Amino acid sequence: MDGSLENFNFTIRTYGCTVVGVLLIAINLPVLSIIIANDRLRKKYRIIAFLLLSNAVTGLLAALSGLARFRYYCQEKGQYKVSSVTCFYESVSVWLIWINLQNGANLLITSIDRLIVVTFPGFYYKNANRLTNWLIVCSFGSTTIIMASSVLSEITSSSRQISALCKEQELFSVGKYNFIEIMRAFFAIAGIMIMVGVLVIMKKRKTMMHVVFTSRTTAAAFVNNQKQYTITVLLSSTFTFFLFVLPTVYQLLLQFQDFRMISHLKLYAVFLSYLNAFNVAAVTVFRQKDVKFRRICQTSSPTVPVSRDPRVPLATKLTKVTQK
């Protein structure tokens, strides 16, 4: 890569990461605050709230990464070499790798959540809170274990001299970094494949997804809400495929091939992944009526009255409908 192109990439990473990071925080945090401030939305969109939090953290880390590069640029330390172990303590690069891995896992748990609701709606209704909590814990736990084991293995091995910018692809040894990238690609691809399965199930089980009740019952509200929510996730997954999955696979291929002539394109793949962090907030606000700002600003009471003990009859209704 020639000097002019390298300088261009450095400038884009420095100012681009800072601007995109600030925008991610500014867009995701307001939507997150809307959801967590309302008890009904907090229960319904628990996984979405976790995704929004992850996206906001992505923005924070991207902005900090850009500011760190700007500081090194001002101090003319970009060409210096430091110990790889030092970067684990003094840079946000390792956290950026972790949050990108977490974003891949988030796609997987979102898809699993929708698969359960379209396959076993009665079971999902009775155990929604427990299921979503377990999915979030499993997602966070798996990525944390992967990153913790990789970091411990790296800092206990022999130190390497890398750029003072602490570039993500230099932070770990080639084998460990490839493993993390493979896991991120696996999470993302598995999530998309499951969402394809969700779409097929929705097509085959139109009876379940288009239940028509003669009165406004809790069951009708539940099915209609879940149908709209699932379509929202499907739409979001479509954007994610192009903005996150394909760039992730491309970055992985660059690790195994010597694409010197086009390796600078990895920069744009990274930015596409960042753009995907706008996806959930934008699609949720656009598609989900109960999350729109004009509805949240109102002081109206919950829209659907719920009886004292609706769970057992509802589960029975949904189970019967699913079996048709």
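In case you wondered, yes, glycine gets a Cβ from its N, Cα and C as well.
Copied from TrEMBL, the annotated features are:
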- 12-35: transmembrane segment (TRANSMEM)
- 27-284: domain 'G-protein coupled receptors family 1 profile' (DOMAIN)
- 47-68: transmembrane segment (TRANSMEM)
- 105-124: transmembrane segment (TRANSMEM)
- 131-152: transmembrane segment (TRANSMEM)
- 182-202: transmembrane segment (TRANSMEM)
- 231-253: transmembrane segment (TRANSMEM)
- 265-286: transmembrane segment (TRANSMEM)
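Through the fold, the transmembrane segment (265-286) approaches residues 9, 12-13, 16-17, 20-21, 23-24, 27-28, 31, 45, 48, 51-52, 54-55, 58-59, 62, 100, 103, 232, 235-236, 239-240, 242-244, 246-248, 250-251, 254, 259, 292-293 of its own chain, all at least 6 residues removed from its boundaries and within a Cβ separation under 8 Å.
Pairs of Cβ atoms less than 8 Å apart link the transmembrane segment (182-202) most often to 105-124, out of 12-35, 105-124, 131-152.
Packing against the transmembrane segment (231-253) from elsewhere in the chain are residues 103-104, 107, 110-111, 114, 178, 181-182, 184-185, 188-189, 191-192, 195, 198-199, 259, 265-266, 269-270, 272-273, 275-276, 279-280, 283-284, 287-288: each is 6 or more residues past its ends and has a CB under 8 Å from a CB in it. Computed over the domain 'G-protein coupled receptors family 1 profile' (27-284), the whole-number mean pLDDT of the model equals 84.
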